[in-house]
């Protein structure tokens with residue numbers, strides 16, 4: 001880059017030959033005029049494009065000009081022209097912004113593409129091999145190409161990516177020239193200078209880097225895509241390719257069709273995202289992003305540590321403790337006792353760890369077939385004991401794994417990227433970590449100490465049971481006022497952003513709970529409409545003394561929902577705990593609950609197809625927030641139509657968090673003997689085994705989705721060959737007649753492609769095995785992104801009644817509105 005005053009070359013001549021000066025000025029003005037106004041895709045040598053000028057590709061797909069990224073600084077950028085958001089895909093001077101409006105773009109006499117502002121010249125292109133008849137053309141691919149008179153390419157912007165990867169670009173390296181094609185994130189949302197993150201290719205893998213630290217890997221190329229990127233199954237849209245020879249290796253992709261418009265970006269948060277532009281919605285839709293989760297980031301917990309996704313926490317393996325040099329999460333752990341690599345009593349031993357992902361390290365596979373990633377040389381092994389001995393006999397071996405198909409893997413050195421999965425996770429593995437023998441000896445001593453205490457255990461238990469009985473009787477004798485005051489203090493200590501009111505205020509707000517103000521009654525008690533002194537309308541839930549919901553459930557609901565902030569969750573405004581009353585105060589929902597519209601006889605016209613779609617998507621967004629984006633993962637456990645409230649604009653809000661559970665620590669699922677909820681919405685693993693997880697809510701959402709589409713209750717729909725609505729939908733699906741499931745009140749107002757997709761999503765949500773069901777983030781993508789590929793649903797739960805043929809096909813309807821497996 002050079003600094004010079006562009007006007008000094010001509011000033012002397014202009015003073016000496018004024019007529020020539022006038023002619024030169026006229027030509028100069030014509031070129032500027034053409035550069036700023038004339039629609040063209042090419043800048044020729046000697047022409048000038050001013051700060052207000054544009055180059056526009058021939059198909060109007062991209063434009064090049066001087067634009068701001070949010071501040072007063074100006075950059076020479078290429079941006080998308082035919083999308084409303086005008087996204088920037090390339091920046092020439094990301095490290096040197098300009099201010100004002102005096103800059104110009106030109107091709108100088110030496111053939112360089114340069115930005116000139118005052119005495120400063122910024123060289124955009126490299127040394128050209130030709131300096132004559134050079135031109136710069138903006139192509140419809142978004143590539144700015146510098147060519148000579150023979151149309152040979154001298155330089156192109158695709159060789160210098162910014163943070164966006166477009167079809168036709170390369171991501172890789174050239175061994176011969178040392179050229180690297182990589183993406184670099186912006187510094188922040190407004191500053192396009194080089195940020196902290198880089199995406200580059202090493203060997204046949206794509207890595208996300210922060211400096212020299214590897215954060216994420218795509219896995220190796222398998223001929224069709226990268227191993228750890230299942231999103232590449234969208235191969236009906238994209239044509240992926242990896243080219244490699246002795247000179248260069250690069251990954252690239254193209255589109256089979258010009259639509260939809262797509263872009264891949266490395267964002268300031270260090271995540272890679274692929275978007276597709278949907279013209280009808282006039283917005284970008286996210287196809288995929290990586291890394292998806294905290295534990296997906298390589299070395300997020302350091303060496304010899306397990307990563308727990310739901311709490312984004314790390315825990316050392318047994319026999320290891322946190323490093324003194326630990327900084328943040330990834331300081332890692334070190335051995336409590338060094339390996340002896342000895343024989344006899346000092347021989348190292350192995351600790352089995354279940355339900356984890358395979359770690360990373362200098363790993364060697366033994367046997368021919370390859371079920372493990374990142375593998376080294378292969379040897380033959382006959383059984384698990386031989387695999388174990390192979391690791392035991394190598395002092396630097398840290399762990400081994402062996403599966404029933406006869407595959408053995410051995411890890412050397414530190415173990416990285418070990419993620420703990422739930423026990424029912426389908427891809428969980430068992431590995432054996434090598435520990436010093438003394439670690440197990442200490443365990444034996446501890447076990448022996450416990451054996452000495454066994455005779456005393458019955459006596460201790462008897463004392464505890466007796467004490468518990470008297471404590472229970474004592475607490476039962478306490479007045480309700482004291483219990484309520486404790487709960488009241490707990491709520492106050494929780495620092496909730498809501499009020500704790502007095503009973504007299506609640507009585508007056510609802511006119512002493514008059515029947516005229518009663519909105520309805522649920523399993524926990526009646527709900528009344530009220531009005532505060534400031535005129536604000538409220539809904540007051542008065543917990544029935546006969547209901548099973550006590551202070552614990554009230555405290556649970558209060559502490560959970562008061563801290564949640566989402567447009568699709570009902571707001572809790574306050575509570576009252578006095579005079580024997582247990583009262584919750586919510587924002588008022590004038591359209592009451594969804595079930596009154598779906599299963600009632602009134603207001604049929606308000607639930608047109610567009611409204612139902614908005615309700616479905618709103619419920620999905622609310623659940624996604626609970627499962628993934630709230631402060632802690634929350635399982636609702638009682639999602640049903642009567643717990644979906646509708647505001648004045650028919651926007652849905654999830655309510656009733658009395659049965660919700662908050663997950664922490666390392667839990668992905670939980671078990672309970674107290675089965676609560678509503679029959680027909682409960683997942684099979686919860687109803688029969690007491691197991692619940694985020695997939696339990698997904699099941700309930702699938703049932704609710706079928707009810708919204710069909711207008712029929714799951715438990716109130718009867719058919720001679722089906723147990724419920726799920727079974728009926730499954731029969732329609734197998735018979736390719738799913739469109740017959742649509743609510744007859746919709747008539748011809750429904751979008752049938754969307755309806756078919758929604759029913760398929762619902763059936764995916766109600767599959768019998770929890771592991772087969774999608775997460776809510778995947779459900780949202782399926783519902784809102786028509787490009788998302790949907791799997792074929794498997795057999796749903798509760799789909800067939802299996803009635804004997806000799807039994808009359810007559811069923812009686814039980815019209816109880818609340819089917820609760822435990823009174824509450």
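Backbone N, Cα and C define each Cβ position, glycine as well.
TrEMBL annotations: computationally assigned, not manually curated.
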Among ranges 450-472, 473-495, 496-518, whichever one TrEMBL labels transmembrane segment
450-472
Region 'Disordered' per TrEMBL, picked from 763-793, 794-824, is residues 794-824
In the domain 'Bulb-type lectin' (40-159), how many residues does DSSP call helix, how many strand, and how many coil?
3 helix, 53 strand, 64 coil
On average, residues of the domain 'Protein kinase' (513-798) score a pLDDT of 80
